[in-house]
Amino acid sequence: MILGDDECNINEHRFLVALYTSRTLFCGGTLINQEWVLTAAHCNMEDIQIKLGMHSKKVPNEDEQKRVPKEKFFCLSSKNYTLWDKDIMLIRLDSPVKNSAHIAPLSLPSSPPSVGSVCRTIGWGRISSTKETYPDVPHCVNINLLEYEMCRAPYPEFELPATSRTLCAGILEGGKDTCVGDSGGPLICNGQFQGIASWGDDPCAQPHKPAAYTKVFDHLDWIENIIAGNTDASCPP
């Protein structure tokens, strides 16, 4: 869920993809070139269908396209990930897509993000912190990039490490957040694709409980190696 937000403009999320299983939209993802989508490892399911160029779930765009995964790549062959590490998955589409009015890739970041940046996150996730209410069109919200400790301190039960390849983002006073169904979607800071929605509190958007995002910049070498055909590439330790 994107909470405390507004409906996205139909033209501002050409890179956003929707992951379906059967008829259920369960995660988002980001098109990074004509053949590859980046999302969260915990979004891995059997029989994924990928919709590109989608805005309304009820009224299709003329240029919507559907794909299925040709290959999936994880940091570890075991597909393991934790709350603080390796929640990232690369999906190779079964055939390339063409740019269109509502489809275009989002570039990988050229520099790391800075704490204090205003970031935008996008998704079709729940729009109520307590009710199973899902929107027809994706919602967008601006949140702040925070110190990692801001995500570590509120969750002592998770025993998160002192350092992490995870970004922390949210609004400390609460009210704005990603939520159930937004996993795998992008966090865009100062125009750059910096994070993949990973996990947060439930109920969402609670004060002093921001959410965590996989840090894309730290995984650039792995992403670029996999795309180049070096399928034995390893993620950063």
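We count from 1, first residue shown onward.
Glycine is treated like the rest: Cβ placed from N, Cα and C.
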Could you pull the disulfide partner of Cys179 out of Cys140, Cys151, Cys204, going by Swiss-Prot?
Cys204
Cysteine paired with Cys151, where Swiss-Prot records a disulfide bond, from Cys140, Cys168:
Cys168
Disulphide bridge to Cys119 as given by Swiss-Prot, partner from Cys75, Cys140, Cys189:
Cys189
Looking at the recorded positions listed here (Cys119, Cys168, Ser183), whose Cα lies nearest to that of His42 (active site, charge relay system)?
Ser183
So among Cys27, Asn80, Cys119, Cys189, all listed as recorded positions, which is physically nearest to Cys179 (disulfide bond)? Use the C-alpha atoms.
Cys27
Restricting to the same chain and to sequence separations of six or more, state which residues have a Cβ under 8 Å from that of Ser183 (active site, charge relay system).
Phe26, Cys27, Gly28, Thr39, Ala40, His42, Cys43, Gly125, Ala197, Ser198, Trp199
